[in-house]
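**Student:** Before anything else, here's the structure in question.
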Amino acid sequence: MESESESGAAADTPPLETLSFHGDEEIIEVVELDPGPPDPADDLVQEMEDVDFEEEEEEEGNEDGWVLEPQEGVVGSMEGPDDSEVTFALHSASVFCVSLDPKTNTLAVTGGEDDKAFVWRLSDGELLFECAGHKDSVTCAGFSHDSTLVATGDMSGLLKVWQVDTKEEVWSFEAGDLEWMEWHPRAPVLLAGTADGNTWMWKVPTGDCKTFQGPNCPATCGRVLPDGKRAVVGYEDGTIRIWDLKQGNSIHVLKGTEGHQGPLTCVATNQDGSLILTGSVDCQAKLVSATTGKVVGVFRPETVASQPSLGEGEESESNSVESLGFCSVMPLAAVGYLDGTLAIYDLSTQTLRHQCQHQSGIVQLLWEAGTAVVYTCSLDGIVRLWDARTGRLLTDYRGHTAEILDFALSKDASLVVTTSGDHKAKVFCVQRPDR
């Protein structure tokens, strides 16, 4: 496997004060390899103290558009009981994305096909403010690591950032057609992948910018590794690149038989960032060492294990890996497929441990922190909780009248927030039975 640092050289862009994009200069102190004892995370906090954000304040908002009780007479193909506590109904079209603020887990941001994004409060369903100005479907939204900023991105590539406490827009940028967006885990730094193959990195709100040039095809998914020093990006041509965010070059490139035989759909990392899991429309999930860049495992569900490698034909459309993730307390990984299969793999033996079937395609999965419980949302509009140790369905939550398109889980696993094609976002209070 080769390293293509020369092809991944950073484009000519203005240097950052704390995110430098030339030579041996630093990008963020947290990502500098320091032989001394200080914690890189502490260094980052100190480095970013020049960005003066005030503490978040709770302010009264407009409750119009909120429905706190189950709705009657909802028209849809999935009518039935509504297990949700709060329904947010300000969107007028499908709601594509949701994210919770990481600091308090009390706020949500949602974006939709109506070109709208809203920041709202989970406890009582109160609207705080609208992230106005988008003219295309808002497909990405998220809070910064300290919950002081919220970013929204639409399909056309317009990204906007607001300061949460003042509700004021502090930054915007027009990139290429947007594929994904993510905040750095420890700094006010935003990353995004676009259809031209570039991965962008900005310091917010100054707007200092750096780009990582991938192959001439969309950068379909990406994730910053937990150390904040590297990012893994997957591309439409099946290649995977691990980028050094300080040097601006690709440390490892996986392509050909090492990469995927179809577009990447999702990536995930374990808690310490030593392992990366990638998923593709080729129905394969690949386990990659973040240190060596080598593939150390390949997973496929038993139901498709005998199928040939998928190409550009019909089979690639019939099934694909849609979501994946690592358990934090056991050596397990979960992979969700478009055909409704949830596969639980044992990383120690690299074998299939359980296969759980859904009635329709899985859209996303999330592991509950500190347990072996995995949550799934699917095209049938239902959230399900599974015990990964036994493969048993623990419970499910219903209320949407169309497919669930995204969901988020609070840190203490007390709330699940969903978005749907029924134009609604819902908050479910998750019961915690003895497991």
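From the backbone N, Cα and C atoms, a Cβ is placed for every residue, glycine too.
According to TrEMBL, the feature compositional bias 'Acidic residues' maps to 40-63. Residues annotated as region 'Disordered' in TrEMBL: 1-65. Here TrEMBL flags 88-130, 131-172, 226-253, 257-298, 355-396, 397-435 as repeat 'WD'.
Just tell me what is around each of these and how deep it sits.
**Tutor:** The list of residues near the repeat 'WD' (131-172) in space but at least 6 beyond its ends in sequence, with Cβ under 8 angstroms from a Cβ of it, reads 53-57, 59, 96-104, 107, 109-119, 178, 180-188, 190, 192, 194, 202, 204-205, 207.
DSSP labels the residues of the repeat 'WD' (226-253) in these numbers: 0 helix, 15 strand, 13 coil.
Summarising model confidence by region, the repeat 'WD' (257-298) averages a pLDDT of 97.
Residues 70, 74-89, 91-100, 102, 105, 108, 110, 112, 122, 125, 360, 363-364, 366, 368-369, 371-373, 375, 377-385, 387 of the same chain, all 6+ positions outside the repeat 'WD' (397-435), place their C-beta atoms under 8 angstroms from a C-beta of that stretch.
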**Student:** If you run through the repeat 'WD' (88-130) with DSSP, how many residues end up as helix, strand and coil?
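**Tutor:** DSSP composition of the repeat 'WD' (88-130): 0 helix, 22 strand, 21 coil.
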